[in-house]
Each structure stands twice: as structure tokens, then as C-alpha cells.
Amino acid sequence: MEHDLRDGRTDLQRLLPELALKPFSLSDVGTLLAAADGRLVKSSESLSRLLGYEPGSLRNSSLQELVHPGDLLLHMHHLSRLAAGQSTRYSAEMRLMHRSGEPLPMFVSAFAVGEDTDAPRYIYMQVQDLSGRLRAESALQDSLLHLHSLLETMTDAYLMLGREGEFLYMNRSAEELLGRSRTDLLGRSCRVLMPEWYGPVFYRSFQRGLEEGVPLSLQEHFPSEQRWLELHCRPCKPGLSVFVRDVTRHKAQEEKLRATKQQLDSMIEHAADNIVILDSSFRLLRVNQAFLDTFGFSEEELIGRRPPNIPDELWIESELLFRQAFQGKQISGFETVRRRKDGLLLDMSLTISPIVGADHHIPGICIIGRDISEHKRTEELLRSSEKLAVAGQLAAGVAHEIRNPLTSLKGFTQFMKAGAQYKEQYLDIMMSELDRIEQIISELLLLARPQAVTYRTKPLEPILTHVISLLEPQANLQNVELLASIPSGLPPVYCEENHLKQVFINLMKNALEAMPRGGRLELAASASEEDGVCVTLEDNGPGIPAELLKRLGEPFFTTKEKGSGLGLMVSQKIVAEHGGRLSVDSREGGGTTVTVVLPQASERTDPASDAADS
């Protein structure tokens, strides 16, 4: 039986090399079988791939050839111990050489096999590539360094607390926040060192984070330090990661913003004017109490809806204004009408302003409305009073102006009736007085009665040239130097040509009559996009005293001995009907300048219709 056991053990030892070679083709780990002297007997395909060789090409190679020279001494030491039977296995990290000459980090595990363990015939070796693990370790190390750098440079404080509240880690910002160095705090209890930090709120949050394993965020006020801190707690394996941010300034800004908002809300709610805010769909976001009181709606009837106080026929006009405001335009003093809930129409003056956000986006517009119905009624009463006053002035002026020539006519009629001589001479004087009466009545009719006129687009240059040619002889007789500066290419004006000629004739005659002993009269024309076409007449006559200048344009007020005062009034009316303006600037002893500004033809469509409407 002992013989049988010895034979069985011998057979097993004989089969061991064969059994060791079985997994070569099955394992991803590189394997090899070498003789006791280090010569390779068999190697797996995976080992060949690891080292860059063709399958089977490593046979009869030496282990010493595959080991990196720097690790050869270690390898020979372990190999000699195996060969001498001093050890049965060894494991070590060493470098094997790739066919390209590049050293590869490997984990080698070897043990002896054969018939005699005291002098083994073979060495079986497993080789595992450590490149991936080393790369992962290197990447992990890089990540840890990056994380450490990130934690040390971040502005937020970071703390890691153990399960008993002890400091395990803190970054530089945490040192600055706590006013303590990490060498003083690490390993010591937050609960003992800083009890004000470990108050009831933080303690409950700390325990909840540990017990429930859920992230928590809180803001805590520390009266002793007069600051607010925002804490974000995240459970981790050692205990709790805590990110801390000083939000004192942010809290102060929030409080300031809250106070400003309250003030603004109070101003809106208690404003006497109607205030509404619309979104980009022209729906009401907010209305104040004054709006509700003025129009009789409730807030529930308005919010989220389009303004119901805009009459249907004015919606197109209103939408145009709203769109202009959403494009950034400010609209001030726009007069229109709005309808109360009971149907009553109110005259309103609107100011529409864009609400501009921080990114220059306009999310809404604010409309401030003022009820001017009473103001309009007052204006109408004043206008009626002014008309009555002007009518009274005209009546008094007519009576005064006509009474003088009528007195002359009456006197000469009596002379003629009494048989006075020189009747032919009396008739000439009487005709002159009748002409005077006719002139006054004609000017009054022009002022008082709207006339059907036809407007056309006309160049201004020939109109001015014609007027100058008419009055140039009179200027020469009075020794007045007449200078004209009329550039070519002046924009045309939309006008009634004869009426404009009458204006400039009146103004030039006034200037000439102010210089009976000679002087200089300059007429200049110019154009600009803002002012339209501008004509100025400047003389160097005696000028007009300030106290009389403000009365110019009143009916029958004149600075001339034989004037009626109606010429300037007629001229002002004609210029206004053309959509322009007439102004007089003068100082005593310094001459007079009259300026007439007319809109370019493209700026007005039909002044005649405007005049008729007025």
C-alpha cells in the first residue's frame, strides 16, 4: 500500500506541470512556466500580448531577459530561493520589459512545482499588469490634489466634522471665518471650543443630517458676531461636510431691497394719480387704489386682463403707444379719454414708461394717468372768457378806429351841405377816410371769418424773392439797405402762397416803417430737420421797449403813429394756420428780429383741415 501511495504521489508530481499549463489559454492574467534555471517552457497568449510578442515566440527565452535591469537583483534573489527549495512561493511588484523597450509595472506571483519540492523542476508564475491601477491611482492622486487646491482657494468656508462634532478638516477660508488656525482646532470638539456655533438650531440640523443622512441647508444669525451665516450640510462617511458662507452683506442688501419695495408699494398705493402696470401682452399686473376709485372697477375684475377702461375705438391708438414704450420710449403728457365702469368718459393725461430690468430687458410698462376732465372744463371756460374779452377789445377798437374817419366824413358833409367851396378837395379826403374804414373792416373779417383756402406744396424761395422785389423800391426811397440771404434748395412748404406773401409783406413793411430815416434790413432763410424752414427779418431800427413788446399781437395795439395793430395779429393767425410759429425779439435801441418757422412739406399733410377744425 505504501508503494501504491508513493507511485500515486509520483504520478501527481509528474502531472503538476501539465495541470499548471491548463489555464494558460483561459486566463487574462499572464502566466508562464519556467525551468529552475529561469528558461521559459511555456507562456500564455495573454502574457505575449502584455509584452508585445507573438504567441509562442517567448519559448526558450529567459526570465532574466524579461525583467527590468533595475528589478533583476530582486528577481534573482527570489528565484534562487525557489530553486534551492528555501521557499515555495513569492509575490512582488516588479517591472517587465515590453518588446518596444518600455518598462511595464507588473504584480508577479510565483511558486515551485515538480517531483521534488527540495529541488523543483519548474517555477509557475502569474503576471498581472498594474498599468491601469497605477494610472487610476495617479488620476486619483491628481483628483485629490485638485480637490485640495479647490477647497483651499474657494471663498466659501469648508469644514468636515466628525460624529461627535470634532473638527476633522477645514480650509483656509474657514480659518479666516472662525478667526482660529486649523492647528488649534483639528481634532478638538466644536461643541466645546465654539458653543455659540453649536446652538440649538445647528445642533438639531447636525443630528438630523447624521441620523437621516439627508442634505440640509440653513441660515443662522450669530448676535455675538453681528453676522448671518448660510450653512449647507452634507452627510459623509466620517460625519458631516459643512459649507459656510457669510451672507451678512447679502442679508443687508435684501433688507434694503425689501424696505425700498415697501416704500415703492406705499407710494404706488397712496398716489393720487392712477397707476397701472402692464405685461408684454398688455394685461394688467397691478393697479393702485386711485385707479380703482376713479374708474369704479374691483381688483378682481382687472388683474390678468386687458384694461377695460380703454374705449374700443381707441385700442389701436393705445396699442401703438404701448408698443413704443416696450421699445424703450418714454411717452409724457399724452391726452386721451378713458371710460369708467358706468360708461362716463374722462379726459386723461397719460405718462407711459418702460420698466427696464437688469439685463436691459423690458418685462412691463408703467402707466400713470391723471384725470384732467375738470382742468379741460376750466380751460374751456377760460377760452370762452378770452373770446369774449377779445370780442370786447375788437368792438372797442372798431368803435375807436372807425369813429375818427366817420367824424371827418360827418364834418366835410356838413361843410358841403352849408355850401362850402373846394368841394373836390373835400371829396378826396372823404374817399381817403372811406378807404381807411374799408381797410380796417377787411382786416377784421380776415381775422374773424374762416376762409376757404387751397394749400399746395410750394418752394419758398420764389415767394420771398417776389416779396423783396415788391418792397425794394420803398426801401430805396427810405434809404434802407435791403440784404437777402436765400440759399437755393430750400425744402418746399405746404402753404397758401398769397397768404404767406401777405405775412412777409406785413413784416417787411413794419420793419421799413420803423426806419424812416434809413437803416439796414436783413432777410435770411435756412432749413434744418428739427426746426423746418426758418425765415428771419432783422432791422437796426429803434427797437421796442420791453413793456410794449409783450403787448404785440393785441388787437389795435401798435407802435406806429397810423397803424391799426391788426397786421401782426393777422400774420400770427396765418402762420399758425400753416402749422408754424412767429416770434418777435427786440430791445430798445438795439433793433428788432422777427422769426417765422414753417414746417417742411413732408411734416404736415393738410394744415387747412387743421385750421378748419380749429
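Glycine is no exception: its Cβ is also placed from the backbone N, Cα and C atoms.
Nobody curates TrEMBL annotations by hand; they come from automatic prediction.
According to TrEMBL:
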type: DOMAIN; residues: 32-86; note: domain 'PAS'
type: DOMAIN; residues: 90-142; note: domain 'PAC'
type: DOMAIN; residues: 143-213; note: domain 'PAS'
type: DOMAIN; residues: 260-305; note: domain 'PAS'
type: DOMAIN; residues: 332-384; note: domain 'PAC'
type: DOMAIN; residues: 397-602; note: domain 'Histidine kinase'
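According to DSSP, the domain 'PAC' (332-384) comprises 12 helix, 27 strand, 14 coil. Look at the domain 'PAC' (90-142): DSSP puts its residues at 12 helix, 27 strand, 14 coil. With DSSP states grouped into helix (H, G, I), strand (E, B) and coil, the domain 'PAS' (143-213) comes out at 39 helix, 13 strand, 19 coil.
Break the domain 'PAS' (32-86) down by DSSP state and the numbers are 26 helix, 11 strand, 18 coil.
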